[in-house]
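Student: Pasting a structure here, questions to come.
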Amino acid sequence: LASVSLITALAALPLHSTDFEVHRNWLAITHSLPVSKWYHENTSEWTLDYPPLFAWFEYSLSHVAQHFDKEMLVVQNLLYTSPATILFQRLSVIVTDIVFIYAVKECCRSVREEKGSKDLLGHPFFILAALLLWNFGLLIVDHIHFQYNGFLFGILLLSVARHLQGRHLEGALLFTVLLNLKHIYLYIAPAYGIFLLRSYCFTEDNTDGSVRWSSFSPVRLVALGSIVISVGALSFGPFIAMGQLPQVLSRLFPFKRGLCHAYWAPNVWALYNMVDKALSVLGVRLKLLDVAKLPKASMTGGLVQEFQHSILPSVSPSITLICTLLSIMVMLSIWCRPRGARGFLRCLVVCALGSFMFGWHVHEKAILMAILPFSILAVESREDAGIFLMLTTTGHYSLFPLLFTAAELPIKVLLMLLFTLYSFTSLKKLFRGSLLNPLETTYLLGLVAVEILCEVVYPLSPWQHTMPFVPLLVTSVYCSLGVCYSFIRLYVSLLRQHGTDKHKQL
């Protein structure tokens with residue numbers, strides 16, 4: 001009841017982001033135009049760029065939307081924001097969150113209970129439910145900023161739960177549906193592919209844990225292939241039949257958008273950009289570089305989509321792909337030593353975080369793809385709980401720039417404080433002791449200083465008008481350090497487990 005009350009209160013706020021117009025436009029496109037024009041329509045700059053299955057999801061919503069306000073379904077009504085339109089969009093997110101709530105219930109059923117106390121509030125399953133249902137990032141991204149991530153992450157978590165329960169075909173089906181709803185989940189597709197091939201298509205292991213090649217089941221491989229092909233055919237089939245597959249793919253993978261999003265996601269490329277900017281400024285100050293010959297965006301434009309590096313080599317999509325693949329190579333450990341569905345879950349988190357760290361044009365919201373599944377491991381392992389607190393606190397704070405108005409400031413600060421305090425106190429009680437070392441604690445306290453600098457000090461400075469991008473830059477770079485650190489710790493822990501398994505076999 002408290003959750004519903006909070007979400008309803010947030011829905012009533014007269015706040016709406018650009019994504020309201022994005023999804024309103026998609027409702028209009030799918031409702032008003034024939035299917036053949038969905039991926040060609042460009043009246044609005046917010047063209048349809050999700051996979052076809054999500055387009056059909058918008059089409060379904062549009063038939064309910066027409067009972068609220070038919071004008072929102074007119075393609076030419078750009079920036080249309082009637083009260084009825086905002087109400088419908090808010091309600092649609094809340095209703096579709098039912099999928100997320102059910103998925104959380106299934107994940108909680110799969111949690112190991114040995115570390116739980118007799119107190120209900122101290123049980124791992126209760127803590128997990130709170131960490132997922134009250135996840136700060138999901139609350140602000142969906143119910144203030146506005147998107148349907150709860151619905152999508154619900155399908156992901158339900159898929160993970162099915163694998164934890166040994167229901168692998170259901171898990172594969174759910175993930176295939178998810179891929180056809182939002183292609184960003186390609187980030188974690190390698191973890192799914194390797195796990196299902198190793199632990200489902202091969203039915204037995206040797207005594208040393210290695211794969212028994214003779215146990216390969218062609219029937220199971222065909223079953224998996226049938227799921228992928230059938231769902232893909234339902235989603236893309238009509239567009240393939242109309243000869244529009246290249247057009248659809250060009251919308252799904254717009255590589256011309258640049259290395260970084262308008263606000264740099266806190267990853268390796270944010271640090272790379274910062275080093276490049278620092279070197280260019282230093283070069284100009286030392287009169288080693290001619291400012292007139294430097295790319296304008298890198299010196300005076302601040303944070304833009306098209307980023308041309310001044311000193312360091314510019315990064316191409318192929319380079320980011322190579323770096324991403326190298327960063328997730330550790331997931332091959334689930335082929336050598338599967339460690340069950342939890343080994344898969346750990347590799348899924350590494351895969352999501354590696355793609356976030358090195359991917360092309362990564363959105364800051366993609367950090368939730370690692371944080372939410374990692375919550376399951378955080379209530380089962382002391383080491384994972386410590387990494388989780390670092391990642392979730394840093395990752396959630398990196399979402400602050402999404403809510404930039406004065407009215408949103410107290411809301412985001414209060415919600416994050418509540419979630420962070422609960423995360424620290426509940427996990428500390430569960431594992432009976434501190435989970436962070438002094439250096440980690442000091443870094444996280446530094447987020448308070450960053451917030452004061454960005455929200456209080458810098459707006460009062462004379463540089464606010466000449467260099468308005470500095471608060472975003474500081475937030476992105478500082479959070480990048482924490483996310484990178486969390487990724488390295490998680491990576492090392494996975495390597496250590498793999499090494500321990502090999503040692504035991506010896």
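Backbone N, Cα and C define each Cβ position, glycine as well.
According to TrEMBL, the protein has these features:
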- 1-17: signal peptide (SIGNAL)
- 120-141: transmembrane segment (TRANSMEM)
- 148-164: transmembrane segment (TRANSMEM)
- 184-201: transmembrane segment (TRANSMEM)
- 221-241: transmembrane segment (TRANSMEM)
- 315-336: transmembrane segment (TRANSMEM)
- 343-362: transmembrane segment (TRANSMEM)
- 399-422: transmembrane segment (TRANSMEM)
- 443-461: transmembrane segment (TRANSMEM)
- 467-488: transmembrane segment (TRANSMEM)
Student: Under a criterion of three or more Cβ pairs within a distance under 8 Å and sequence separation of at least 6, are the transmembrane segment (120-141) and the transmembrane segment (221-241) in contact?
Tutor: no
Student: Which bits of the chain, at least 6 residues beyond where the transmembrane segment (221-241) starts or stops, bring a Cβ under 8 A of a Cβ in it?
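Tutor: Counting only partners 6 or more residues beyond its ends, the transmembrane segment (221-241) has Cβ contacts under 8 Å with 35, 39, 51-53, 169, 172-173, 176-177, 180, 196-197, 200-201, 247-248.
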Student: Near the transmembrane segment (399-422), which same-chain residues lie under 8 Å Cβ to Cβ, leaving out any that are not at least 6 residues past its ends?
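Tutor: Counting only partners 6 or more residues beyond its ends, the transmembrane segment (399-422) has Cβ contacts under 8 Å with 10, 13, 15, 17, 130-131, 134-137, 139-141, 144-145, 263, 364-365, 367, 392-393, 451, 455, 471-472, 475.
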